[in-house]
Amino acid sequence: MHTNNWAVLVCTSRFWFNYRHMANTLSLYRTVKRLGIPDERIILMLADDMACNARNKYPAQVFNNENHKLNLYGDNVEVDYHGYEVTVENFLRVLTGRHEAAVPRSKRLLSDEGSHILLYMTGHGGDEFLKFQDSEELQSHDLADAVKQMKEKHRFKELLIMVDTCQAATLFSQLHSPGVLAIGSSMKGENSYSHHLDSDVGVSVVDRFTFYTLAFFEKLNMYDNASLSSLFTSYNPTLLMSTTYYRTDLYQRKLEEVSVTNFFGSVMETIHTDSAYRTTHSRKTSETKMPLQESVKHDERRQLINSNVQDQTSDTKIEDKQCPFTRRWNAFQDKLEKIERIDSLVNYGFIIMFPLLLIIMLNK
C-alpha cells in the first residue's frame, strides 16, 4: 500500500561556475514542496552555498532565470546536508539508513515499505560515475548496491531515480532491484547542456533537462493527474541537445497509469463535503472554549490574591448597568454611611477623652 512520499535531492558540485547545479536542485525542491511533500520528508543536500559566495551580485539569493523573479533560496529552505557534509559516504548512509547514533532524525530517510521515493541528482558525471565535491565519485555499482539494500530492508515500495548529468544513462546500468524507475538527461557518450547564461551573475543558472522538467510541472498542481508517460515524452531532444533515457524494465506498472504526483507530490486525498465542514466548525468551537475556561480559573485565582481590586471593578460594572435614579440613591446612601462612620469616630473619641478629663480635674 502506498503510504507516503519522500524526496532526496542532491547537488554534488562545488565552486561558483557550477551555480546551475545548485539552482537545479533548489528548483526541484521548490516544485515538490509546492506539490505537497513537506520538509520533514525531503532530504536536501547542497555541496556548496552559492547564495553567500562573494561573487554573487544578489547576496543570499539564487535564481534559475535571468529575469530574477523567483528567489529559490528564500526563508523556507531547509538544507539537511551542506558543504563538506555532502559526500558519497553520507549519501549512501541516507539511502541505506546506516547512520551513527548522533545523527538527528531530520537528516534521516525514515521511509518504509509503503513509501514512494524520488531521488534527484545533478552535477558532473561520466561513464558510470557521478562526481562528488570534485574529489570523489559515486560509481554505478555503488548506487545499485545501495538500492538493493533499500529493497531488502523494505525502505521503499517504488523508487524514481532522476539524474541530470553528462552520460546520465550509464549510472543505471547496474540496477537490478524491482520497483525501480530511472530517467537520465543523456545517453552514453552525450553531454548535458546548460539552458542559458545570466549576464548579471556571470554563469549559467539552470540546465536544459531540469529547465524543461520545471516547465512541465509549472502547469500542474497537486490535484492534477498527469502521468509519468506524459512527463517522459515531453522532453524534446532538439531543445535538450541530448537524448533522454528512461529505464522501465524493473518497474511493474504502466507509465500511462501512474500519476507524476506519485513521486513529485503528496499522497493526501481531500474530499470536500458539507458534513466535514460542520464537523470542523464544531471542533473549532469546542477548542475555543478551552482558553475561556482556563481564563476563568485564572481570574478566580486572581480574585483570591487581590479581592479588593476585583470588587471595585465589579462594582463599577454594576453601576454602569443601573439607571440614573438608582445610581443617585446609592450615592446618597454611601454619603450617609460615611457620615455615620464620622459620628461613630467622634463618639469613640469622647469616650477615650472622658477618663483623661476626670484625671486632670482630680489632680487640680
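Each Cβ is built from the backbone N, Cα and C atoms, and glycine gets one as well.
Because TrEMBL annotations are produced automatically, they should be read as predictions rather than curated entries.
For H124, the entry in TrEMBL reads active site. Taken from TrEMBL, the feature active site, nucleophile covers C166. What TrEMBL records for 345-362 is transmembrane segment.
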Checklist entry - What is the number of other Cβ atoms found within 10 Å of the Cβ of H124 (active site)? => result 17
Checklist entry - Distance between H124 (active site) and C166 (active site, nucleophile) at the Cα atoms, whole Å? => result 6
Item to check | Other CB atoms, at most 10 A from the CB of the residue listed as 'active site, nucleophile' | outcome: 23
